[in-house]
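Here TrEMBL flags Cys364 as active site, nucleophile. TrEMBL lists Cys218, Ala219, Ala220, Pro221, Gly222, Ser223, Lys224, Asp250, Asp311 with the feature S-adenosyl-L-methionine binding site. Residues annotated as compositional bias 'Low complexity' in TrEMBL: 56-72. What TrEMBL lists as domain 'SAM-dependent MTase RsmB/NOP-type' is 100-519. According to TrEMBL, the feature region 'Disordered' maps to 42-76.
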Amino acid sequence: MIALRTPISLLHLAAAGGQGNRCIGGHRRRGYAQRRHLSVAPESLWTRGPRPPRSPAAAAAAAARSESSTSSLPPPLENAAFEEYYKKQRVVQEEEWDAFMSVLRKPLPATFRVNASCRFLKDICSKLENDFRRSLENEVSDECEEYALSPLPWYPGNLAWHLNLSRKQLRKNPAFESFHEFLKHESEVGNITRQEAVSMVPPLFLNVQAGHHILDMCAAPGSKTFQLLEMIHQSKEPGIFPTALVIANDLKVQRCDVLIHNTKRMCTANLIVTNHEAQSFPSCSLAKDDSEAYKDHCKPRRLEFDRVLCDVPCSGDGTLRKSHDLWRKWSSSMGNEFHLLQVNIAMRGIALLKVGGRMVYSTCSMNPVENEAVVAELLRRSGSSVELLDVSNELQELVRRPGLSTWKVNDRGSWFQTHEDVPDSRKNVILPSMFPSSTSIHEGHTVYTDFDINSEYNVPFSRNFNIEDTNNVNCDTCGISSSNSDQSLGSKFPLHRCMRIVPHDQDGGAFFIAVIHKLSPLNENQVIKVRKTENLLSKNRTMKLQEQCQHIIVSEVLDDKKLLDEQTKLSVANQTSKDGNLIEVKMASDDVEYSQTESGDRSHRMDKLDYQHKWKGIDPVLFFKDEAVIKNIVSFFGIEESFSLEGHLVTRSTDNARRIYYVSKSVRDILELNVRAGEQIKIASVGVKMFERHRSKDGCSCAYRLSYEGLSLLFPYMRKRILHASQVDFQHLLQYRTINFARFADARFGEEAASMMPGCCVVVLREGYQVVDSIAKDPSPIAIVCWRGKATMNVLVSPPDRKELLEYRFGIKAFEVEDEKSNKNIDALAEGGL
């Protein structure tokens, strides 16, 4: 009996180990095997008899399990419902269907963009054109029919490049290792952004100009935001700070962290990252008493934007070439569930847009319910206040197709042409705005009734194609003529002005883009009464969005009570329907009411910054006003009066500020407006890090050191703490990071360093450097931040940035980057007193 207990207990333990293996990675099972091996031999526990033959049913079950165990293979790239849906919608011509599906099943080629404002732009472009392009063509000449690496013909300045290989091929093939490492490093330092080609398109249609205030409503992960930052820095005059700004917003805190990380590479003082639901983004309108104080100042009284990028959350089926999981998960309901959220986000964008401004609405979906249906609803609600622009003359090299004017709505396998056809039990889910034939059209809006652009007309736009000449086009396509009934059910808005990018036209992904121009303010007289059967999405449907959305995670954005509360605060123009659907937002007077509700007691607002603590989990943004510290910094580094620090420095610490950030004038005005309005904006990140407190005991008279991120902004205005090094010594500093004064090749440089007072300084590459009086003529010399210690000069620059300087300035490629630990505590060099 005792002998039997051991195997029985071990069997139970083995069973428990099997369960533990699923929970904690198999530690219990391994422990059991080790104990069994060390204590008792298996043959002494029991004698295993011959295994009985399996029954046919058991054998079949085992075969099925074996087959399922091989499911680690890539998912099948097919979905019958997907094919049926888009065949029915006629997104491409019938004869194109096979080519369309064939390209969708192929890996997506890798694409990237060169930062137009980066320091080594010419060097990088030369390297791509002369080195990598030729070497890659030799490597892949057998695999690629045409080319390996080439610039995208439609992107301005040949700054965007297309690689005829997928990202997986690029990573796995040893022949491309050097090019892959080049892309990784240049991405890390901000010279290159790896981005899907179609994702680069929407910012280009914004037509960004100098001085524009731009809102990116759903910005994460940040590639389009970075693109916008490039544009505002590229449009400025040399030596002059840009007056434009970008506010990049996202719903999720985690996604804001990714957004901050990706835009940090730009080192800009003209960016604010916010954390809001896009459909309820605050306007920061001031009440009348505060507006009076602003009468004599050129400062904003409410938050308005010259440009709005509305790249909304969507079903994402335009990314099938890289998101293979979508083949299995895709269903037509995904687009239906996003529709109302997309409308509400875009309507908020129009409300925040200045008169004369431009908004780009875009999705990475092919679904007309998320695309043309949303645009039609925007035109319907806005009346004559906005127009859908014809941009066929812009980016003429880009192959695009006109938007659809007819489509159908699918719900649970049933197809509907009008909302009247939808069963009553589903009318709260399938909304009238999803259909092209809605009759709630504002009489003041221009309607093109002389001709209809049929959905079947989907040939690519040629370079000389004028979209307004489509009345001369024969709309019979695929051998099927559109019936009069189909035309009567089509949209009467000029949706052909929208743009569809399909994968097989340019070997890329799919995208939808519409450009909207605001003609006049939205007001009560232009409110369009939308049908009252539209209901808000329920919380359960929001949770379903989280599971299905692969492009952007949307959480708790459509909670009925929360959205109704927001509508109350925003004072919805006219009465919304009983189900709480947001129709229109008043502009001036109602925003004043909203700001009054949020701001509380205004008498103490400018004296105390308690409102900056209202956002849970977000550090407050505080203007740094310690005059003694600011004067000490100005005196220590010899900063000219023309570069004013007062009013431009902010911190996220309530006391003993560890880091100080610099913000541009345009950003400062927004921060001041936000304070006056009661801290309506939830700010996750702002400005560029300029100074950082050190804890060195070297006897430095200034408590702060410079940050390398802000050096490019500050250096033209510095007149103290500057040393000029020879090429040899500058190179050695980059390579070895810490050098004793006596070991510099130039003895004079070593003496100058030794005679300087301890603390932070800037070392400039001597060759080609000339001191200039005019900032506009500043040659942007090569400079690095260092710490003058007790006996050594220590470089306070990250390994990737040092590697960049060594490669492009000295032609040294063999440079090992230290691990993350050495980069995390860079201030230790100053504290160590080496």
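Using N, Cα and C of the backbone, Cβ positions are placed for all residues, glycine too.
In TrEMBL, annotation is done automatically, which means it is predicted and not curated.
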Distance [Cα-Cα, Å, rounded] between Cys218 (S-adenosyl-L-methionine binding site) and the residue listed as 'active site, nucleophile': 13
Distance [Cα-Cα, Å, rounded] between the residue listed as 'active site, nucleophile' and Asp311 (S-adenosyl-L-methionine binding site): 8
Sorted by sequence, non-Cys218, Ala219, Ala220, Pro221, Gly222, Ser223, Lys224, Asp250, Asp311 residues with Cβ within 8 Å of centre, S-adenosyl-L-methionine: Asp216, Thr225, Ala248, Arg255, Leu259
S-adenosyl-L-methionine site span - longest C-alpha distance across Cys218, Ala219, Ala220, Pro221, Gly222, Ser223, Lys224, Asp250, Asp311, in Å: 13
Other CB atoms within 10 A, centred on Gly222 (S-adenosyl-L-methionine binding site): 27
Per-residue Cβ crowding (10 Å cut-off), top of recorded positions Cys218, Ala220, Cys364: Cys364
For the domain 'SAM-dependent MTase RsmB/NOP-type' (100-519), the mean pLDDT of the predicted model: 84
Surrounding CB atoms that lie within 10 Å of the CB of Asp311 (S-adenosyl-L-methionine binding site), all protein chains: 25
